[in-house]
Every structure is written in C-alpha cells, then in structure tokens.
Amino acid sequence: MSDNESETGDVAEKRTRQSTESAPEASKAEGDGGKSAPAKPRARAESKPKADADAGDASGGGGTSEAPRGGGNDGNESQSGGGNDDGGGKDGDNRGSGGGDGGRDGGPQREGARRDRNRRNRRNRNDRDRDDRGPRGGSDEDDEGPRDNRPLPNLPEGFQTYSLNDLKRLPTHKLLEIAEQLNIHEGVARARKQDVIFTLLKVLTRHGEGVAGEGVLEILPDGFGFLRSADASYLAGPDDVYISPSQIRRFNLRTGDEIAGRIRSPKDGERYVALAKVDTINGEPPEASKGKVLFENLTPLFPRQRFVLERGNGSTEDITGRVMDLMSPIGKGQRGLIVSPPKAGKTMLLQNIASAIMHNSPDVHLIVLLIDERPEEVTEMQRTVRGEVISSTFDEPAARHVQVAEMVIERAKRLVEHKKDVVILLDSITRLARAYNTVVPSSGKVLTGGVDANALHRPKRFFGAARNVEEGGSLSIIATALVETGSKMDEVIYEEFKGTGNMEVHLDRRIAEKRVYPAININRSGTRREELLIEADTLQRVWILRKLLHPMDELSAIEFLLDKMKTTKTNDEFFGSMKR
C-alpha cells in the first residue's frame, strides 16, 4: 500500500477542510499579482505540529499562490505545508522536498528563537517577582494583594492606643489582659510573649491608621529586612516588622538604622506585620538621611575630649572612676582594653564606668554588650545601668553571639554618621573572638591554640571601629580581654589585640584576692597621648604621682593611692592634700 493511499479517513477530511479554508485567501493573493503573502493557514489551531505550521509560513512567503491541498495531492506536500522557497508550481515530490527544506531552514530557527525569547521573559519575570517577594510570599506592594477578610473585632469603648514598643515593654500578664479585652482567646494561652504580641498586632493594625512601631533594621542576604528590638537583644521573633526590598532601596537604608513608621496588618499567607509608611530614620525625616557620609569615609583622630568619671560623692564606686581619671583616662573615641584574669572584678569595673558615664554625660548613647556571660549578670547589669544592655548568654550558640555583635556595631556606626557620641562596653572580646573562630569557615591555616588564621579579622574590625571622628561624633569601645585562664587560645587572642588599643587597664588577681577593689595594676595601666585629654598642670601632678608609686609593688601602690583618696571627695582635693 502506498503513502498516498494511507492518508485517508479523518486525516484526509481534516486536510481537505484546511485547504478549503485557505483557498479564498490564496486566490486573493493571485488577484493582487502575487505581491502579498498568503495568510497563515489555520492548521496551527488544529492538531498539526507547531514546527510544520512554521514551515508553511516560511514557504508561503516566497510569492507562490499554491495553497496547501489535502486529499488530491501527495501526502508529503500536505505535511510540509505546501509550496517551496522557489515559488514554482512543481510536481508533488518537488513541492514536498521544497517545503521540507523550508521547514528545516526556517522552522527550527524560529522555534529556537521563540524558545530563547520565552526563556528570557520568564527569567526577567522571576527576577522581578523575587525582588518584590517577601518572606513566604509577602508582597512588596503595600496596597495590593489579598487581605484578611475576617470581620473586624470591636474595640471596647475608651480602649487605650498602644504602639509596638508599648506592647513589647509590657509584661506578659498585661498582654494577656489586653487580649481578654479584645476577646482574643485563640493562640494566646500558654504562648510566648512575642507570639502574643503578634496576635494583638493582627487585630490592632486593622483599626484606624495602623499601629506605630519602630526598631533597628537588620537586612538579610535575600534583600529584605526586619525591624529588631533592642529590648529582645535583636533576637528574631514573630513580632518583628517586615521591610520590603523596594523600601530599602528607596530610602537607602542600611543595617543598624532605627526606623519608625506605621504598621499594616499581614495579608493572607504572610507571617509578619509589614511597615506601610516610614516616618523617621534615626530620629530624622527620611529625606535628611540620604545625604549622610558613610562611617568608613569619616576621618579618624586621637581622642581629644575626656569622659569625666568622677562624680564627687565620695562613694566607693566613685573612687574607681577617680583612679581611672588619673591613671588611664577615657576619651571620646577611645579604644580601650581591660586586661583581666578571672575573678578580678572586671564586670564590676564595667558597671562603675557605665554608671559614671551616664551620670556625667547623659547625652551619650551607651550600649553594654555582654557576650557569653551568665544570665544573672545580665539581669544585674540591666538593673544598674541606665543604658542599652544587649546580651547573648553562654547557653546561646556562637552564631547568635556573632549576630548580636554585628547588629550592635552597625547600630553604633549609624549613630556616629549622625554625629552622635556612642560608647560600647564589651564583655568580653575574648569570647567574641572564640565565637567568630567557631563560625568562620576553616581556611586550613590554624594558629597556636586552635585559632583559625581568618577568625580574628572580624573581631578586629569590630574593635577597630572605635575612633574620634573629625566631622563630628565618636565611637568609644572599652572591651575586656581574658588572661591567665589556662587556655592557649585566650593567650593568642590577647596577643593579637594587645597593640591595637590606645588605652589599657590591667587588673591583678593578687590584689583582688586581698579584696582590694579596684584591683588595678597602676604601673601597667595607661592611655596613649594622655596629654590631649588632661590639662597641663594636672598632667604634671599625675606624672609626679606615678614617679612616687613606681618603686612600690602592685599591691602597695594601689593600697597607698586608695587610702589617700578616701580622705577626699575629688581629685582636686587629693592633689591639694599632696602639696601639704
């Protein structure tokens, strides 16, 4: 049986119908002198392969009026789409071969070009969607997308307006009382405080103009960010506020910016509340933040203005500040190390420094950063220091230590860019370096004590950020470094940081064992370029005092100095008594 005889039945009817529908268009082309190409055959809408239809288009453009015919012609002619590139009325075999050549030349090329174009369009569309996509499908647009269509719960008469920070400061039992007032019973019983806050926000943001909220921005590698709370030590939680990538680009936001604005309710499928409107950035209008100079472009200088730690009340805590004012003064922009063995009173020394700075310089932004410390010490620091206490206790993973430290230093940099004076008290840089050593990928080069060769770069960058800025503002970092712990790693870390600071205070265990506080080794403690911080006449008296104390051993020197200071309330009185 031949190929022509096999092309029968439904297939032949289909092709006959195809040729009949295409014939009027072909005759019209003849009437126009063969100048216009025939219309595309309707075989594209049927079961004919797409490549064959493209081949027919390519062959039809050659100027021939031969329409594809079905049953009367050769089967190869029908499959090829009819006609050839040469445009003649040749026999069926020639027409079949010509159409096949046209399909091979034009069809696959057009098909490949179409596939490439579709692939590019899909890729561009996916890139746009990824930029506009939030976590778990959260949209970048604030006014589009499906919203929660559940009926609004009625607020009680005279219900107090709460901001996000108000809710975070309230204890858990107060939050549960608010949920009871709003008739919210689902999802709050035996829930974490952050989950209760998120449940309240979903209700409160659907009334009026939304809820006012603020926080410190942390931008994630995916391009979007969240507003973290300093009260929670920048720990991620369900009550964080989502910031879209377009908002980050529009306002030129960076990690560490403090943002305040209005919060909208989450749309369907979203797990976080989102920021609908930005009111202020770092306490200023959004337009004022765009022209700020980056921290890395600011000019560092030696400290030239001193933090006075003396309070003049004659207390035991005040004596600690007075000793440091004389022997190792702290300036704005100081990079200081408190070198201490265990149980030498370094944490108490940090508390005294923090209290003195906040008492004498209330305009300074103080941040106490506790890394790998005990929880009870964190609570004590929060209750004794009027400042921002950020902590990551010893039961937290190393990645959490690193995340907290990065957030704190970025927050401090943004404040310095706004010409603020910032002080960071870090306890301790040794444990922070240990955390970085755990987190950093292994380079294959290990130093003595198991320290990776690349592990200390990021803690050095943290410590090296302390500087006095010529354009205005300063960042001071006073960090504790552990020695005599029996760990070779701690010794290596201390040796790496020993020459990087411009102020050092050495604590002595032998003095602390005698319960003499502050247990400062006077001969080993001091500040570089102290003449820039102390007046000339006071500096001469300090040098005379050092010459007097130098022949004594560490214990005798500090005991002599403390005994003389206890009889006076200020250092000026102390120097006056020395003249007599």
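From the backbone N, Cα and C atoms, a Cβ is placed for every residue, glycine too.
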According to TrEMBL, which candidate in R311, R374, R383 joins G331, K332, G333, Q334, R335, G336, K343, A344, G345, K346, T347, M348 at the ATP site: R374
For R335 (ATP binding site), the three-state class that DSSP assigns: strand
Residues G331, K332, G333, Q334, R335, G336, K343, A344, G345, K346, T347, M348, R374 binding ATP per the record - widest CA separation, whole Å: 29
Integer average pLDDT (0 to 100) for the domain 'Rho RNA-BD' (210-285): 89
CB within-chain contacts under 8 A for K343 (ATP binding site), separation at least 6: R509, A512
Listed in sequence order, residues with CB under 8 A of G345 (ATP binding site) and six or more positions away: L507, A512, Y517, P518, A519
Neighbouring C-beta atoms (10 Å sphere around the C-beta of G331 (ATP binding site)): 24
